[in-house]
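Here Swiss-Prot flags 1-31 as repeat 'Kelch 1'. According to Swiss-Prot, the feature repeat 'Kelch 2' maps to 32-79. The repeat 'Kelch 3' feature in Swiss-Prot is assigned to 81-127. Residues annotated as repeat 'Kelch 4' in Swiss-Prot: 128-175. Summarising the annotation, Swiss-Prot assigns repeat 'Kelch 5' to 176-222. Marked as repeat 'Kelch 6' by Swiss-Prot: 224-278. According to Swiss-Prot, the feature repeat 'Kelch 7' maps to 279-326.
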Amino acid sequence: MEVPNVKDFQWKRLAPLPSRRVYCSLLETGGQVYAIGGCDDNGVPMDCFEVYSPEADQWTALPRLPTARAGVAVTALGKRIMVIGGVGTNQLPLKVVEMYNIDEGKWKKRSMLREAAMGISVTAKDYRVYAAGGMGLDLRPHNHLQHYDMLKDMWVSLAPMPTPRYAATSFLRGSKIYVLGGRQSKYAVNAFEVFDIETRSWTKFPNIPYKRAFSSFVTLDNHLYSLGGLRQGRLYRQPKFLRTMDVFDMEQGGWLKMERSFFLKKRRADFVAGSLSGRVIVAGGLGNQPTVLETAEAFHPGKNKWEILPAMPTPRCACSSIVVKNCLLAVGGVNQGLSDAVEALCVSDS
């Protein structure tokens, strides 16, 4: 596949969110984008639920979440949207699970989690939902792995994760669930573990080379990219924004040696990232400057280098993001105050 030139990328301003927010969860199903919950200007979790139509460039309000929440884990099972855990209006983790039927336009309560949790990582395969980790009411990270059986409306415990954590990144590849990074209390974890759905067992993979918070993970072809982030301050060490890029080769099963010339051009953390048309994209976030970053970059795997893209129209950090129809959407987030901006980085003709 031919990788597009940086000149082929452009930002489009889309219809803004109906209200400003941060920590909302996004989901694409049936070509539509759903925005679920989030926090308002006062940091209070919201019960808003809207759908965005790319064709009409329009947000439509849907029946509100029965339980207001932010940072909720979401997944689609056919024509149903499942929302799991998150933070409630009392600022505590939730055990509530709710399901929205797209055809009926109605919410239903489902079987609760065994323990309240926020920062759960969710993947779905064959109408089964897998929920890994999370942080409980006692603020301790969980090592739970549970699967939800939709036909029986039941959660079943599976083999626990070797490393307890919350806010990890997880993705499905074949019959394996890859779980990367995350946190224990305030501190970043560099564990990389894989659960085999068929054998129901965990395998520890080589740790992520650099431990950092607010980094991003992106998969492209047979590679997994670990990008940027914040090296946290401890004792005598100052916090430091990073431009590090680590690449894991999924065929070889190891981290590749990276030259400094392959690193990001800008140090950044808490940014938008994704893969578009054979390139890895990063945009916005926080860096060494006093204001939010507006810069965007694209990695060319053939040239092993980052190239400058057009700047974000509304610079932001802490955005929600999703890739839809060859566009990377940046939704809400923070620029001084909260933002309602929705912008898409698209490849020409998409």
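Glycine is treated like the rest: Cβ placed from N, Cα and C.
Counting residue by residue with DSSP, the repeat 'Kelch 1' (1-31) contains 3 helix, 12 strand, 16 coil. Proximity of distant same-chain residues to the repeat 'Kelch 1' (1-31), defined by a Cβ-Cβ separation under 8 Å and at least 6 residues beyond the stretch ends, is recorded for 37-41, 46, 48, 50, 52, 54, 57-59, 61, 70-76, 79, 81, 83, 86, 102, 276-279, 298, 300-302, 307-313, 318, 320-322, 324-325, 327, 329, 331-334, 337-348. Comparing 32-79, 81-127, 279-326 for CB pairs under 8 angstroms to the repeat 'Kelch 5' (176-222), the maximum falls on 279-326. With DSSP states grouped into helix (H, G, I), strand (E, B) and coil, the repeat 'Kelch 5' (176-222) comes out at 0 helix, 24 strand, 23 coil. Taken as a whole, the repeat 'Kelch 6' (224-278) shows an average pLDDT of 93 in this prediction.
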